[in-house]
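Enquirer: Quick paste from Swiss-Prot:
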ACT_SITE  Glu97  active site, proton acceptor
ACT_SITE  Cys346  active site, S-methylcysteine intermediate
BINDING   Cys117, Cys121, Cys124  [4Fe-4S] cluster binding site
BINDING   Gly171, Glu172, Ser203, Ser225, Leu226, His227, Asn303  S-adenosyl-L-methionine binding site
DISULFID  Cys110-Cys346  disulfide bond
DOMAIN    103-341  domain 'Radical SAM core'
Amino acid sequence: MTNAIDKKVNLLDLNREGIKEFFREMGEKPFRAEQVMKWLYHFCVDDFDEMTNLNKALREKLKQVAEIRAPEVREQQQSSDGTIKFAMTLFDGQDVETVWIPEGDRATLCVSSQVGCALECTFCSTGAQGFNRNLSVAEIIGQVWRVNQLLGAYGKTGIKPVTNVVMMGMGEPLLNLNNVVPAMELMLDDLGFGLSKRRVTLSTSGVVPALEKLRERIDVMLAISLHAPDDELRNEIVPINKKYNIEEFLASSRRYVEQSKAQRKVTVEYVMLDHVNDSTDQAHALAKTLKDTPSKINLIPFNPFPGSDYGRSSNSRIDRFAKVLMEYGLTVMVRKTRGDDIDAACGQLVGDVIDRTKRILKRQQKQRGGEAIAVKTT
């Protein structure tokens, strides 16, 4: 087994096939992998000694070559509406934020995929802070794992805290495709968290080549961050549009949905920026832009953050905008803002995370004698 003794393998980094291969290399039967996955994801167990249907020799062997390691909760804040924001410390000491949003019999977890974000959308706090690095598979799925464990996981209280996952936290998921896809596979896998395809949503700002690859690899719900009715405005507020314009983005989204068994319409996210993208003329333009794309539109009231140049559209402007879209037969929803009193709402995820990350990076650089730290973006 390659480097198994020199470096323990984090089992949360492996999807079903990866864990089976790991056990094969150990000389164990594949069913042992399935037993361990159930302990990992159905009971959120992180101690091999608690896996009582494994013999003692195997448990001892696993202790030597494997570990179960998820991000740790450094801090949590609870909103007046019940939303909880978790500051999660990653394996190198940096932080990301994860948000748990309860509503009736469902609870949605907003999961981060990167430390910071490279796309620099002008209305997003995370994008304003810059990009540091991608999260590993274990750091992504580990957010779900840790919240399930913390809030009362399977078999412990009878509660299943996370019923839905949205890849809408810090970062652009499609710029970390090779780690995001295995993590989502574990969300869907019956031996993982067992969520249905309709309960896992990936949101993207339009990395078109990666969206084409996503279509070939996994079927989950797709949400697209559009935020403008035309290329001129989108170039300004979502800079990646200069590389992949609206027409390319929508065409790729249509191809994804046409192949999908999870959804028939693209979910279009549109943040409402006061007197920037919220006029009735822009509503008409948006409807015409979407005329060939089966879609439902999610209007998102802007959530201000320190240093932002934008204001939130008034309720009356949002209502007028929605009515125009509905005149074209479009399905329109206005997202209810959750967790804004703890900076956990859409576009606000950063808190003191980036400042803490920068301090850690400076310390690491100093330890390395000022050597630049390489960052992968794809």
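Glycine too: its Cβ is placed from the backbone N, Cα and C atoms.
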Enquirer: Say you check the Cα of Cys110 (disulfide bond) against those of the recorded positions Glu97, Gly171, Glu172, His227, Asn303; which is nearest?
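Expert: Nearest in space to Cys110 (disulfide bond), counting only the recorded positions, is Glu97.
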Enquirer: Out of Ser203, Ser225, Asn303, point to the one nearest Cys121 ([4Fe-4S] cluster binding site) in space (Cα versus Cα); all of them are binding-site residues in the record.
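Expert: Result for Cys121 ([4Fe-4S] cluster binding site): the nearest of the binding-site residues is Ser225.
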Enquirer: Quick one: average pLDDT across the domain 'Radical SAM core' (103-341), no decimals.
Expert: 93
Enquirer: Would you mind reading off the Cα separation of Cys117 ([4Fe-4S] cluster binding site) from Gly171 (S-adenosyl-L-methionine binding site), to the nearest angstrom?
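Expert: On Cα coordinates alone, these residues lie 4 Å apart.
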Enquirer: Report, in whole Å, the straight Cα-to-Cα distance of Cys124 ([4Fe-4S] cluster binding site) from Ser225 (S-adenosyl-L-methionine binding site).
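Expert: Cα-Cα, rounded: 12 Å.
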Enquirer: Taking 10 A as the limit, how many CB atoms besides its own sit near the CB of Leu226 (S-adenosyl-L-methionine binding site)?
Expert: 29
Enquirer: Long-range same-chain neighbours of Glu172 (S-adenosyl-L-methionine binding site), Cβ under 8 Å, sequence gap at least 6?
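Expert: Non-local contacts for Glu172 (S-adenosyl-L-methionine binding site): Ser113, Gln114, Cys117, Ala118, Leu119, Thr204, Ser205, Val207.
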Enquirer: Taking Cys124 ([4Fe-4S] cluster binding site) as the reference, which of Glu97, Ser203, Leu226, His227, Asn303 (the recorded positions) have a CA within 10 A of its CA?
Expert: Asn303
Enquirer: What Cα-Cα separation, expressed in whole Å, is found between Leu226 (S-adenosyl-L-methionine binding site) and Glu97 (active site, proton acceptor)?
Expert: 23
Enquirer: A 10 Å Cβ contact count, applied to the recorded positions Cys110, Cys117, Cys121, Cys124: which residue has the minimum?
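Expert: Selected from the recorded positions Cys110, Cys117, Cys121, Cys124 on minimum Cβ neighbours within 10 Å: Cys121.
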Enquirer: May I ask you to report the DSSP-based helix, strand or coil state of Gly171 (S-adenosyl-L-methionine binding site)?
Expert: coil
